[in-house]
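Asks: Feature annotation from TrEMBL assigns pyridoxal 5'-phosphate binding site to R38. The substrate binding site annotation in TrEMBL covers R60, S61, Q68, K276. Per TrEMBL, tRNA binding site is recorded for R234, R361, K426. Under the heading N6-(pyridoxal phosphate)lysine, TrEMBL lists K247. The annotation region 'Disordered' is assigned in TrEMBL to 425-449. Per TrEMBL, the feature compositional bias 'Polar residues' maps to 435-449.
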Amino acid sequence: KGKCPEDGWDESTIELFLHELAIMDSNNFLGNCGVGEREGRVASGLVARRHYRLIHGIGRSGDISAVQPKAAGSSLLNKLTNSVVLDIIKLAGVRTVTNCFVVPMATGMSLTLCFLTLRHKRPKAKYIIWPRIDQKSCFKSMITAGFEPVVIENVLEGDELRTDIEAVEAKIKALGAENILCVHSTTSCFAPRVPDRLEELAVICANYDIPHIVNNAYGVQSSKCMHLIQQGARVGRIDAFVQSLDKNFMVPVGGAIIAGFNESFIQEISKMYPGKASASPSLDVLITLLSLGASGYKQLLKERKEMFSYLSSELKKLADIHNERLLDTPHNPISLAMSLKNLDENNDAAVTQLGSMLFTRQVSGARVVPCGSVQTVNNYTFKGFMSHANDYPCAYLNAASAIGIKKQDVDVFLKRLDKCLKTSRKEAKKEKSVNEISNSNTGTEQLGD
């Protein structure tokens, strides 16, 4: 039926299934005689076993979704993977999605592929409207495709950074709709930035006949992010949304899913991919979804949501103890932020030092964001880089509740963060008192002179 099984398969069943697919590929035929330049020959047995002897990759040189006659098994694997992934995207909340395909590139390059496909539809266009998110790969995806990003600064509402809808529309009018390739919006992001106002952006795109590409990097795991995409497509225009395989399905880095509501446009993107492609990302996600089953994946989504609530309540308690606060970002369903105002006021370097302390104590993924850092990316200078705004009111620390997180991860993180904050405060106070003594002595010497 091309759907994810409700209950997961055991490993021996999955392996049997993959071996059945592999013997359909010509390189595994007993009497095969190969005289071409690409015959699926593999020198190492270890490499062959790692790929279950599915060596031919997916697609043909002109279309990543096309069937390869001498690789019927690999082609079937590709078709089944795309079908199962489509089923999971619907299950996760985007029920009217019509087509998707797994591409063996991470999210940034997959976005570039979408932009390059749109180039042929809008030959005059040279700008991409981009509500600011301080993440390099989505910014570089536009530059690599040869377009000029038009950065729309976010507006501060309470603690949250939100899409400036009026600025987006004003910029479209100023530049001219025909000169704009698309609006490039974002769902999943680091707090205090929250998902873009997708419904409003989708309506603007429909009104001005401008394509709309959504960076949904780790949004599949969030029912709120998926609901935004579903609603955006219902009330306005969303041409494609792109999500990462590793972040949403716990597989190795190297693949993404390009999905959309217009089947022919998604096919156009797949035909834009030059050459054949590695089957590894497709193989990884198919094995994972067959082992989890739809019920297993739903359970992971449920646990992630529960852990988000737990992380939020416990991080708030810890913030209160240290005279800080959990920033109020109710529109962000994955990421949280805790202020580091007191640490920042005592010592400029203390904030970045906290990040180093956490990393050396094996806390990965927590981001410490100081005030006022400046960074240049592809000749574009961003003030307050990493905070998604030129002048965010305070330094802060990020933590996320992503799929697969366990209660133990949260508990250990909070324990180590507590210790690091105590150490940082002691060191900051010590440095402050040393500076005061030093200043006092300098003043005495000047009086003596």
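Note that Cβ sites are derived from N, Cα and C of the backbone, with glycine treated the same way.
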Asks: Other residues with Cβ within 8 Å of the Cβ centroid of R60, S61, Q68, K276 at the substrate site?
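Replies: The surrounding set, listed in chain order, is G57, I58, G59, G62, D63, A66, G275.
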Asks: Can you tell me which of the recorded positions R38, R60, S61, K247, K276 is spatially closest to R234 (tRNA binding site)? Compare CA atoms only.
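Replies: Nearest candidate: K247.
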Asks: Considering Cα atoms only, can you say which of R38, K247, R361, K426 is the nearest neighbour of R60 (substrate binding site) among these recorded positions?
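Replies: Nearest listed residue in space: R38.
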Asks: Nearest to K276 (substrate binding site) by Cα distance: which of the recorded positions R38, K247, R361, K426 is it?
Replies: R38
Asks: Of all the recorded positions here, R38, K247, which one's CB has the most other CB atoms within 10 A?
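Replies: Result of the Cβ crowding comparison: K247.
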Asks: Let me know the largest Cα to Cα distance in Å among the tRNA-binding residues R234, R361, K426, as an integer.
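Replies: About 54 Å separates the two most distant Cα atoms.
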Asks: Please give the substrate site's span as the largest CA-CA distance among R60, S61, Q68, K276, to the nearest whole angstrom.
Replies: 10
Asks: Out of the binding-site residues R38, R361, K426, give me the one sitting nearest to S61 (substrate binding site) by CA distance.
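Replies: Going through R38, R361, K426 one by one, the Cα closest to that of S61 (substrate binding site) is R38.
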